[in-house]
Structures are given as structure tokens and as C-alpha cells.
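Beneath this line is the structure, given in C-alpha cells, with notes to follow.
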Amino acid sequence: MATTTDKAVVETVIAGNYVEMEADGNPNTVKSKLSKLFWHGGSVYDAWFSCASNQVAQVLLTLPYSFSQLGMLSGVLFQLFYGLLGSWTAYLISVLYVEYRTRKEREKVDFRNHVIQWFEVLDGLLGKHWRNVGLAFNCTFLLFGSVIQLIACASNIYYINDNLDKRTWTYIFGACCATTVFIPSFRNYRIWSFLGLLMTTYTAWYLTIASILHGQVEGVKHSGPTKLVLYFTGATNILYTFGGHAVTVEIMHAMWKPQKFKAIYLVATVYVLTLTLPSAAAVYWAFGDMLLNHSNAFSLLPRSPLRDMAVILMLIHQFITFGFACTPLYFVWEKAIGMHECKSLCKRAAARLPVVIPIWFLAIIFPFFGPINSTVGSLLVSFTVYIIPALAHMFTFRSSASRENAVEQPPRFTGRWVGAYVINAFVVGWVLVVGFGFGGWASVTNFIHQIDTFGLFTKCYQCALPPSSTVNATAPPPQHHHHPGAH
């Protein structure tokens, strides 16, 4: 009985803090109402929009490429499987967050000007070695997550305007994305995450309908899976797709009542599957093996106002996702230099700028849109959001006392503690062997192949025409250049 009362007390404390914080000196003016509507999000819906729009982003465009590596059946099954696995580990992260926060608030710690992050949860529950490992993996993953968004921006805009090569576009978008330093925290992404989800929804259905209307290309072949390297590269890209919960703790911290997070990620995943399955399957059905040389689905669809619209919406969405991936890095950096509790937005924005520079640089070195997703998936996502949360949950609740006093008991339908341990052990084993082992080998092999083929700092990765020839806006669209099945 005591635990239920404790829970109630903790919940009122958490909710209380936030309500006071919002009410502090905030008169009910039109300006404050508008800022509440567009800017101050902390509801369950905000968290859902953040999770869903953060999960799907540019991966929509590389999933058809994964299907060409995996074949249709494996592609669908891996999406369902990793969607479930991702929802489970996001649930574990939320449980550990609530556990850590409850323990700290019982010690009267105030989190009013402090954003709790995953590495702090690990530190508080399991000590500094866990913190260091969690911090290293999380930061490297988010760094490359941001790099991927920049590469995707350049890759997409090229299909609307090919007067500039992709590298030049990367310079331009690097400058645009640097403006995310002005967005204080995830609570201020309300309007952005809402718009982001609308944009990916439009793009997914555009890809699906446009591919069906386009019909199958002449002599289409669906020969996947043909090589183990390609098979595991594709599988790891899907592992990466559903590994968008490296920012779960920050999204939860932005909620008024973080306890309500539990099922949000699962519901977000179900929605995301309604976008990713039809679009990847339709594009693969229409173009088959051609996708093996076109990691961006836009490159195969004929140019039209609707396609241009999808490209522009994805560009805006990538800007948002860049902010999502980069904001936790900003927090870590602020804490490292002692600026995290600073009230001045401009000072914090200036302090955050050094974080953007290495991201910009890496996007110019490795512009391999598609292969880089799989590499990041196998080497970083596998640990960051699958293996470490599952192990942390097992270690945090290994004693019977910690299980009895846990703020959050595992659900009955998973078999309570025994079930949770079995699932966790399976997640660790599967992701370690299939995701990190086979996936790592395949992705790195594929990545090195891209470097050998295109070189580092390549000016225009997978462009239709060689960079030496003058490309103008009237150049034929990329899909006329490569018909493996037609000749």
C-alpha cells in the first residue's frame, strides 16, 4: 500500500513543479496564450508527436533501398520485429527514468532548470562506469544522427535544384541547421514535431501512390536477398529506423507528467509502421533491383510538382530532426562547460555553436546517404538504445529489494519480472549477434566499398551525371540513367 501512496505523492510533486514553473510571472495575455499554443508543449500528445516524427524522418527514403537488399518478406518482418523491440527498450528507458527521478525527488532534488539525460539516469542508478559508457555511445550516435540529417538535406535538395553539387548544398544546410541552437529544449518543439509528422505522412503516401501509378519499370527484377553483406546491411538500417529513442529521456523530461509516457512509444511505432510499410513495399515493387544503386527513393520517381513538394517537406523535416538529434548534445556540452543553468537564451545559443562544427565537417567527409545509416545502426544504435537499456534494467533490479520497491512493476502480460528478464536477455543476445556482429561486419564492408568507389569528400554522391560535366536545371532526371533490367 505504501508504494501506491508514494507514487501519488511523487506524481503530485512532479506535476506541481511544472505547473508552478509555468505559472511563475506569466500573465494570461494573448502573447502568453500564443506561446502556450505553439511553443510550450508538455502533454502526452506532444510526446507522441515528438516520438513519431523523430522516428521516421529521412529513413523513409532509405527503406526501399533496404527492401532491395532484404527482399519484400524479410523487409516487412524486420520492420515489425524491430518496431516491437524498439518499443520494449523505449519502455525500459522510461521505467529507469521514472525510477531515477523518483529516488532523486525523495532526496528533495529540484530539476527546475536542469534537463535529466540518459547518462545521468545510468549514473544515478548504476554508477559512473555505466554513465561513461552510456555517454560515449549516446553522444557518438547523436553526433552521427545529426550528420545523417545534413547529408539527407543535400541529397534531397539536389533532386529539385541540381545547379549546385551535393557538397555545396551541405555547406548551405549546415548553416541553416545551426539555427537550432536557439531552441531551448524539447518542450519548445511543439509546433515543429506536429508539422514534422504531417510532412512525413505526406511524403510516405506520395511515395506509395506515385510508385503504384508509375507502375513497374520495364524488365523489373526483385532478386533480393542475394548477398549476406547486403542482407545484414538492410536489416541494420531497419534496426536504425526503430532506434529513434536515444532522446526518450529528454522527451519524457519535457512532459508535465512523465509517468504517462509508458505506451506512447508503442503507439508512435504503430503509426510509423503505417507510413513505412506501404511506402517501402510500393517503391520496391515498382523499381526492384534499381534501388540497389539508388539509396534515396526520390531519385527514381519522375520529377513533378508533387515530388518537389515532398522533397521540400522532407527538407523542413530534416531541419527539425537535426534539432532533435542535436539538442541532447547541446545539453551535454552546456553541462560540460557550466552553462546549462544559464537563464540567457543568447548566451546558451552562443555556447552551443561549437557542437555544430564537427557535424558539418563529418557530413562533408562521408556523404554516403544510405550506407552511413546502416553503419551507425550496427555500431552505435545497437548499444545505445537496445543493449545498454536492457542490461541497465536487469542490473538496476537485480536485488529482490529493488524489485519490491520499484516505482514501476513490469506489466502482467509480459510475465512480470521473470518475463522482463527473459525479454531483456533475448534483446541483448539478438542485437549483439545479429545487429552488432553480422550487421557491423556487413555495414562496415559496404561503407568501405563506398569510400573505395566514390572517395572521401566526394563532390556529388550517386549523382546522375559525372561532376565534371556541367549540370543544368534542364538535365534529364536521374531515373533515365540507370535501367539494369531494361538492357
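We count from 1, first residue shown onward.
Just so it is clear, glycine is given a Cβ too, placed from its N, Cα and C backbone atoms.
As recorded in TrEMBL, the features of this protein are as follows:
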DOMAIN    40-433  domain 'Amino acid transporter transmembrane'
TRANSMEM  76-98  transmembrane segment
TRANSMEM  135-157  transmembrane segment
TRANSMEM  169-187  transmembrane segment
TRANSMEM  194-217  transmembrane segment
TRANSMEM  229-251  transmembrane segment
TRANSMEM  263-287  transmembrane segment
TRANSMEM  309-333  transmembrane segment
TRANSMEM  353-370  transmembrane segment
TRANSMEM  376-397  transmembrane segment
TRANSMEM  418-441  transmembrane segment
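By number of Cβ pairs under 8 Å, the transmembrane segment (76-98) is matched best by 418-441 from the list 135-157, 309-333, 418-441. Contacts between the transmembrane segment (353-370) and the transmembrane segment (263-287): absent, as fewer than 3 C-beta pairs lie under 8 angstroms at sequence separation of six or more. Sequence-distant contacts of the transmembrane segment (376-397), counting only residues of its own chain at least 6 positions beyond either end whose CB sits under 8 Å from a CB of the stretch, comprise 85-86, 89-90, 92-93, 95-96, 99, 122, 125-126, 130, 133-134, 137-138, 140-141, 144-145, 148, 236-237, 239-240, 243, 245-246, 403, 406, 417, 420-421, 423-425, 427-428, 431-432, 435-436, 439-440, 442-444. Of the candidate ranges 135-157, 169-187, 194-217, 229-251, 309-333, 194-217 has the most C-beta pairs within less than 8 angstroms of the transmembrane segment (263-287). Counting Cβ pairs under 8 Å that are 6 or more residues apart, the transmembrane segment (229-251) and the transmembrane segment (309-333) reach 3 or more and are in contact. By the Cβ criterion (under 8 Å, sequence separation of 6 or more), the transmembrane segment (309-333) is in contact with the transmembrane segment (194-217), since 3+ such pairs are found.
Between the transmembrane segment (135-157) and the stretches 169-187, 194-217, 418-441, the greatest number of Cβ pairs separated by less than 8 Å involves 169-187.
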